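As recorded in TrEMBL:
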- 20-42: transmembrane segment (TRANSMEM)
- 89-109: transmembrane segment (TRANSMEM)
- 129-149: transmembrane segment (TRANSMEM)
- 170-191: transmembrane segment (TRANSMEM)
- 203-222: transmembrane segment (TRANSMEM)
- 259-277: transmembrane segment (TRANSMEM)
- 297-317: transmembrane segment (TRANSMEM)
- 329-349: transmembrane segment (TRANSMEM)
- 361-379: transmembrane segment (TRANSMEM)
- 390-477: region 'Disordered' (REGION)
- 407-421: compositional bias 'Pro residues' (COMPBIAS)
- 429-443: compositional bias 'Low complexity' (COMPBIAS)
- 450-470: compositional bias 'Low complexity' (COMPBIAS)
Amino acid sequence: MHAQVLAAGDVSGFGHDPWWIMLIKAVAIVVFLMVSVIWAIVWERKVVGWMQLRIGPNRTGPWGLLQSFADAMKMMLKEDLVVKNADKFVLVLAPIVAVVPSFMAWAVIPFGPEVSMFGHRTALQLTDLPVGLLYILAVTSVGIYGFVLSGWASGSTYPLLGGLRSSAQMISYEIAMGLSFAAVFLFSGSMSTSQIVAAQAHTWYVALLPVSFLVYVIAMVGETNRAPFDLPEAEGELVSGYSTEYSSMKFGTFMLAEYINMYTVSAVCATLFLGGWRAPAPITTIWAGANSGWFPLIWFVIKLQIGLFFFIWLRGTLPRFRYDQFMKLGWKVLIPVSLVWLVLVAVVRAMKNEGWQFGRIALWTVGGVLVLLILALVWDAVFRRKPAGGGEPAPEPAFDPMAGGFPVPPLPGQALPPVPRRAPRAQRRAAAARAAEAETGGTDTDDGDGSPSPANAGARSAATTSTTGKGAERDDR
């Protein structure tokens, strides 16, 4: 009966396992995450080293695989420093607040289907909720308080700015992430993670909802504070951001939370858009048992590693965004695109529920998009605001980057003044010669027969030689 309930996708079938099986699954999740973080640190250093034509860690253990253990020992043996103006209790509490929610989010992540464990049939998932994805959003949002508290408790300016940036990133990109979730809710008809995986038995949502997938991938990088969106830890601006005043294992706890969050968003991406624990279509075509037993756990781990490699690839290839560019991407691009896409998905879903064929749905969808584009172009051409006086708009005032006493970058619409270029040496010498001739030519007098006097000719020759020599001397210098 339990297997039939789970096969039907009813979350009421969860939570009936013996307590010791629940304990085993909880401990297994924690161990899996700790081992994954140990592997991720070494793998990231290896991949970034290969991208930069380096070898990476290769001394500690075989192929450098024990480098993470050496780093952990180093952190545990380091001196634990507390700055004078810090709030010690909150300073210690902040890393705990940051790392605990990252573990809690994995309670509703499906690792695989039902398996036999010590004579009991149980799903490879700790539990499930009718609002499982909302639970993930809520729990991961709590983790941001750890970064804010660390910035507040450090008693320093740089950590405070880093904590405020973290909260701003969460607010900005959580909205776009939630809108990408909403499109999945409409197609699957459920917020349960196990039911969403079951709904992708035939077609993964990355093919049906490509815009939602793209928005989520961008938002998940912003949520984890990873490059190129690692503005809360920008070394050139904030030293190390919210973790500037941390050392020893408190700093290591923040590092642990960051890597677990990378795995968390990768697991959510795999669950929502990549079929969860299901094998890719080519494998299921040639192997009927790919989605049964313990094998789906392998496909799920492979998808997690692909997500981790994506984070590493971004870090090794893209430069850090400027803060105003980052906020503009979130509020002016991702959120409007997500809203329009959500309306389009709702219309297509309603048409499908009314019995429309896929061909008619595609035709009406493409036609609607073309009509909207034409209307937007017409509106921009006809109703574009023109300057009050007519004609061309007034030019922008000249931008002075040093007006405030220190250099500032230009804002949108402003341009730096052109940098004066030095003329080539031949042109400078010719200009010096012409200037010398012009200077001495006006003082020449003749003796009445049209020829200059010997004295004036000698003076002009001396002046020309002196000026040309000085110009050449300056050029050579």
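Cβ coordinates come from backbone N, Cα and C, glycine included.
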- Message: How about long-range neighbours of the transmembrane segment (297-317): same chain, 6 or more residues beyond its ends, C-beta under 8 Å?
- Response: 36, 40, 43-44, 47-48, 51-52, 111-112, 124, 217, 221, 224, 226-228, 262-263, 265-267, 269-270, 274, 276-280, 283, 290
- Item | Of 129-149, 203-222, 259-277, 329-349, whichever stretch has the most CB pairs under 8 A to the transmembrane segment (89-109) | 129-149
- By Cβ distance under 8 Å, which residues at least 6 away from the ends of the transmembrane segment (170-191) in the same chain are close to it? 9, 129-134, 137, 141, 144, 199-200, 205, 208-209, 211-213, 215-216, 218-220, 222-223, 272-273, 327, 330-331, 334-335, 338-339, 341-342, 345-346, 349
- Task: May I ask whether the transmembrane segment (329-349) has at least three C-beta pairs under 8 Å with the transmembrane segment (20-42), counting pairs 6 or more apart in sequence?
- Result: no
- Query: Do the transmembrane segment (129-149) and the transmembrane segment (259-277) share at least 3 Cβ pairs under 8 Å, sequence separation 6 or more?
  - Reply: yes
- DSSP tally for the compositional bias 'Low complexity' (429-443), helix/strand/coil in that order, comes to 13 helix, 0 strand, 2 coil
- Task: Report, as numbers and ranges, every residue of the chain located at least six residues beyond the transmembrane segment (259-277) whose Cβ falls under 8 Å of a Cβ in that stretch; write 'none' if there are none.
- Result: 33, 36-37, 40-41, 99, 102-103, 105-106, 109-113, 124, 133, 136, 140, 143, 181, 184, 193, 196-197, 200, 204-206, 209, 212-213, 216-217, 220, 223-224, 226, 291, 296-297, 299-300, 303-304, 306-308, 310-311
- Task: For the compositional bias 'Pro residues' (407-421), give the DSSP counts of helix residues, strand residues and coil residues.
- Result: 0 helix, 0 strand, 15 coil
